[in-house]
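Quick look at what TrEMBL annotates:
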{"type": "SITE", "residues": "Arg17", "note": "site 'Transition state stabilizer'"}
{"type": "ACT_SITE", "residues": "Tyr22", "note": "active site, proton acceptor"}
{"type": "ACT_SITE", "residues": "His96", "note": "active site, proton donor"}
{"type": "COMPBIAS", "residues": "142-160", "note": "compositional bias 'Low complexity'"}
{"type": "REGION", "residues": "142-168", "note": "region 'Disordered'"}
Amino acid sequence: MRLLVLHGPNLSQLGTRDPTHYGTATLADAVAVVRAVHPDTDSAQYEDEGALVRRVHDARRDGTSAVICNAGALTHYSWALHDALELLEVPIVEVHLSQIHAREPFRHHSVVAPVADVSISGAGLVGYRLAAEAARALLGLESSSGEESSSGEESSPGDGASLGGEAS
């Protein structure tokens, strides 16, 4: 079963974009966290809304089993992305590095959340691990540790490499 991790605009700049604000881990680090949980993972990052929507459309027919999506700023206004995700018949997990509800008011609303099965916000890089675990649980797979999906482990936002906690 293949997971697809999708990233929106500006997330390609993680690790170099104001490290004091966003941390030093890169987008590749975030994808590596997902692959550590579920090795059969594809990922893609798009600066362009249309390209991201096209990739979601492709996921309808390419064998994708679940989608993890950090749409970046598109989270807050891309009804085209919302509509594309709504067409998927696979689990969708929305993930954000920062706590979007504690940031600027325009970031408090997600147009992705209504079509997502799970939304994770504010856990930094560990949020990607939680997203992968959630996707696996929604697919009825065991957790990556071989235990049942609800292992009861707790994670703190400081676990793993730091992405700060302010990037969307």
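Backbone N, Cα and C atoms are what each Cβ position is placed from, and that goes for glycine too.
Because TrEMBL annotations are produced automatically, they should be read as predictions rather than curated entries.
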Arg17, His96 as recorded positions, winner by CB count within 10 A: His96
Arg17 (site 'Transition state stabilizer') to the residue listed as 'active site, proton donor' - Cα separation in whole Å: 16
